[in-house]
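Annotated features, as they stand in TrEMBL:
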DOMAIN    322-411  domain 'Fungal lipase-type'
DOMAIN    449-504  domain 'Fungal lipase-type'
SIGNAL    1-18  signal peptide
Amino acid sequence: MFHTILSTLLASLSFSTYVPPPSKSSYTSNGNKLKVSYLTQEFLKQTHKGVLTITPLSITSLPSKINPTMIESTLTNSFPDVYILASTFPKSSSTGLSKKVNSGLKDMTVDTLCRSSTIWSNSKNTTYTRPEGGILGVGGKDGSVDMRGVSPLVMYVSKGDELLGVSVMDEEVSKDDECVGSFVVGIEEVKGRMKVKLGTRGERKVGGGQKIAGAVVGGMAGGPAGAVVGGVVAGMIEEGVKGEVEFESNFAKFGRERGGGEGKNGKNGKGGKGMRSAVGCDWGGLCEEKVLEDLEQICYLENFVTGCTAGLYRSSESKTVVVAFRGTCEPKDLIVDGNVLQTDWVEGVKESEEKVHTGFRTSLESVCMKLKWLIGEACGGEKEIEGWNLKITGHSLGGALAILFCRDVAEGFDCGRGLPQYSEESALSKLGNFLTNKKQGDKKRGRHFKTCEVYTFGSPRVGNGAFCDSFDSLLLKDSKLGRPKISAAWRVVNNKDVVARLPRTVDGLIFGKIGYEHVGRTVLISGEEGEGAWIEGVSEGACPVRDGVIFSSPLTTGNVLGDVVSIVARSASTSEKITDKLNSAIDGVTGRVNNINSVMELASLVGIDVGYAEREARIMESLVKGEGLADHMEPEYWRAFGGVVGGEGSGDESSE
């Protein structure tokens, strides 16, 4: 059943993601790639065990630059320009780091990373004592830095974090920053004033251009964050590591109370549901009817690299979690949108038939695991999700991300993994799969929500026919669960919104055929008062945003050549000469190829379906007139929902 009021609420949340929550009303974690803003004290305390404050005091026994270059020495002298990185993480992160130094951890995400300001060696101050090399290695003196003027580093410590990593970095101008040294200590050991020696340093070049694989430091783990996790393999490189960090520390544990649940941003009302609009649309005025009345936004997640952004909402009364993905609003989003080449839905599956938009999948992967963890915590733990309802939504690019995320979690919710990925199985597992006729990627794991629904607004297509068929099969009753894995999948489209008709299926010489289809069912809204909504499968007519058949036989009746054949056939029973028959046939179609639809008629000569060609022409016309893009924007969706809610179709529309 399509719920108009619920759809209006979810549309408002989708557009709200374009406006970040006020910084004054959030508790933000600063990561190297991910930033999570917690919007209620209750959820912050539910997911974290305390606040760790590190106040740098000094760095002593400071060496010269690790790997100086002529350019860098000219720009910043031959002395390290130091700053401090700090992060917390679980002990499990240290497992196998030494084996992943040169591969997997390059993309490791640290979402509690804090960075101090840089103290430059060439600055005119008394805080920096430069190292001295002496003569022939005799009489040298290490440098030191007084850091008492540096602001404290403040981190929210997640429930599972047990280790604190600290790195002293050398900021470079002409190349990547380098690590002077790192250390790791247990969070429970961090108390009061401490002095800790630097024990490890990352990969560095030695004679002959070779490399030593040491602790995962510096650029090894996705930029400076690598320096933080590096210390967990302490002892791999000890030679040449100097330095000692002195700092004040304070770990303030959260109390057992969970706060009042109202957070800093208030609760309920028109503002409590996160109904922010960049263009001033009053979505609250369209949502007066009670639906998810106690819904409140609990956090806002953003990836700096891909731009993937999502808001997370929770209704404790109805046990409902809502995920709203943000659409295109930054230049980096255009890069994601434009990457229309396809990749395997299940990464690593050989000869996979299911293909999806590469840009969309890459973007979602960058936040997927963290988002799942947040959802699990919002439900009170991953084991509790089976009693909760999940609603996923998004506008534009956000709609595409919502569809992919819905497909992933519907097949099995697991906080310990990102998007589906095939991993090598043992010989015994392969034998078992062979005996049970399972293919690569068939193995599913995880729990299932009580209900899982996805509502998108102006969403582009995300995958090929095989992907869409598999998605739509999840809307059917599952024999084991006794219900569908996806309860509903609605694709709301405003009038001529051109984005909902993209990407188009192409058949190119370079990349081959790249097919795109839609999932779920279309709900078309126009904003015309009293019209209500056109619902695919309920209302009359074909879906206006599906491609349909691209090619048809040019001899089909209705096409030019087909009509020529038909005319000749009808005149076969007469005594006309063959030339007269052909002339009669030509006269019968001359008017058609000369009229306003001549382009369509000519397309039919080569087997292109006339209906498909007409749809393509309407898309081009809407682009030229600007209607297709205007109908994609928030004001037109708001106006269209106003017409539906206030018209005859304002109630829930049955789609069964």
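The backbone N, Cα and C atoms fix where each Cβ goes, and this holds for glycine too.
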DSSP assigns the residues of the domain 'Fungal lipase-type' (449-504) as 12 helix, 17 strand, 27 coil
Secondary structure of the domain 'Fungal lipase-type' (322-411) by DSSP, residue by residue, totals 49 helix, 18 strand, 23 coil
Taking every residue in the domain 'Fungal lipase-type' (322-411), the average pLDDT works out to 88
